[in-house]
Amino acid sequence: MRGSLGAVIGKYPSSDGNAQTGGLIKHNRKCRDLVFLVIFIAFWVAMIVNSSFGFNQGNPLRLTYGLDYKGNVCGDKHADRDLRELELRYWLNPNQVYESAVKNSKFKLSNARSICLMECPIPSEDSLDWVCDYPEGDIRLSLDDWIDRNYNYYADLTPELRNTSLQLQGPCYPVIFPSVNVYWSCQLIARASNMSLRHWQQMGGVSIVENIIMDKSIHRSINSRSSVLKRYVADVGKAWPVLIVCGGIVPLFLSVIWLLLIRHFVTGMPWITVFLFNVLIISVTMFYYSKAGWIGNSAISPIIGEHDPYYHVSARELNHIQAAAVLMTVVMIVTILSSIAIVRRILMATSVAAKVIGEVQALIIFPVMPYSILAIFYMFWLSAALYLFSSGQVRQNDCTANCCAYELKSKRLSCDSCCGYRIHYTSHIAAAILFHLLGCYWATQFFIGFSSTVIAGSVASYYWARGESSPEIPFLPVFSSMKRLMRYGIGSVALGSLIVSFVESIRFILEAARRRLKVSNSIRDSWFGRVAFHSSRCCLRCTEWIIKSVNRNAYIMIAITGEGFFRASEIATELIMSNILRIGKVNVIGDVILFLGKLCVSLSSALFAFLMLDTHKYKSAHNKISSPLFPVLVSWVLGYVVATLFFAVVEMSIDTIILSFCQDSEEHHGTAQYAPPLLMETLNDQNEMQRLTQ
């Protein structure tokens, strides 16, 4: 059984050795959970090493642009030649594109000869245009002159090189098919220009296949899952100003305003919060509808720049944002109905914390410190993530393609090195990315736990001073609480955040397994499938319960008692279980309104992100994002994290006051001795208690 905590938080010894009342938080503490503090420090060292690997091996341009026939990344100024203006990948040989699309063909599109251009070529209406290899060898042209000549130096070729060009072996290739810029790759349109094809045939060129499957080959490459994922990650990098404004500045501003309003206008804040939440979630859902093409003319398009309005290209990004719109519709309906149902029962929980915020003014300012540290961490983490996702080695494919191409540099027709290039990813890169993702979640939970524990220590100081200005209470209780935590309990916060991160990771794994079993009807219908399906769901609920039970309440008892994480969790759990009827409704309803407040801030971040991404800057060729889905989602998550840091002031105030009240009542036979008058009126009033527990 847990012993009395009177010696810890209820009493302190006087100079003559007698016990005096006055309720101070224990100061003669010990360092706790040092092993996990060492593990956390080692984790940071590993994060730096892991990120250094990404910075050394990665190139974020690979996420957006393709590779040319020399293995250079289009748009890369550090390539063999300066390609910063040449961002579009164009496949030179149409017959190779066709061959890669033929069913059961061993020739892959990645082996087809490609080059980096500024714009996708369009056939001439009265002559035959050419796109030639980069000038080198006997071709005495600079790259700028080559661009100015529209990539065409066919007229300067010798008869021998003209002949190889007519055989589709280079160094120049005819522009027979029109093409359009689809996500920085020139999608060939399988409608040959009659004039260009006639000129080609008159010059004695080899037969060029015209077939609609040419479209499919390039489209499959552009629309592959890996390509879509790379573009999503690249979108986050391109939209970094949006993340700073909508994921950092906007939620900071709104969170501070919400805290000030809850302090001075506590009676009306629940109603305002519910109203704003409903307006915001409807607005965000309408933006999803707009980008999905169901409202207005703002649907996302994979085609960049001007193009034939009758030409349409499908993309996974549009399907994904349509699925997100459907999901948001369901969430909107459920949450609006739920918020209306509980709006009358949420006033009491917020009034409990308003008095504390007014007395401990530094509580409103304190979250700015962990917010600043977390902002710096996120900027570093996102930069490293872009490089990790784009890390790998550019290697030439090992192929058996039967093709030949004239090499200007070696002045010969080469038939043994026409294989293309690709970025080779290894298993350790995937492990590095997973470690990076886990590290982000652990660091986020650590800073949230750190901030929550400091707030809990400050509020507990207020409670055990009877809610008055006591000479024993430090002038700045927030900084006194932070000093105690930094000196004695930071290892416990590291342990708690690690457990939450580990359990949350297991939850995601179980959720993925459950969905896979749900989709697979053949497995689901079997006895083993049904058992595995329901077992995974049960485990999922258990892990969610563990996360909720070990998170906030353990941090509160760490701040009050100075115990380690596991012991603090045990004390908090016993207190809650023995007073569940007394505090249950206050906790539940308080959590609901605070959760709605966090959603209001994060939804505002998402709404502002939609508005910023809808400007011309993010619709132009260079900065165009493939879809607003990921930048909006990241802004939403960042807004929620920032709101969590600031709303922890109210959240932890409510929970700390309630736990302290329960402990106070338990030690004094049901009558709290140290509770402030406002709290006594709130929780000891019989009519109010009946209302809360009904």
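Here the Cβ of each residue, glycine as well, is placed from N, Cα and C on the backbone.
Automated prediction, rather than curation, is the source of TrEMBL annotations.
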Pick from 402-420, 421-439, 573-591: which range does TrEMBL record as transmembrane segment?
421-439
Per Cβ pairs under 8 Å, the stretch of 34-55, 239-262, 364-389, 446-465, 485-510 packing most closely against the transmembrane segment (421-439)
34-55
Selection from 34-55, 269-289, 364-389, 485-510, 633-650, the stretch that has most Cβ pairs under 8 A to the transmembrane segment (239-262)
633-650
Is the transmembrane segment (633-650) in contact with the transmembrane segment (364-389), using three or more Cβ pairs under 8 angstroms as the rule and ignoring pairs under 6 apart in sequence?
yes
Contact set, same chain, for the transmembrane segment (633-650): CB under 8 Å, 6 or more residues outside the stretch
236, 242-243, 246-248, 250-252, 254-256, 258-259, 262, 350, 353, 357, 363-364, 366-367, 370-371, 374, 378, 444, 447-448, 451-452, 455, 594, 597-599, 601-606, 608-609
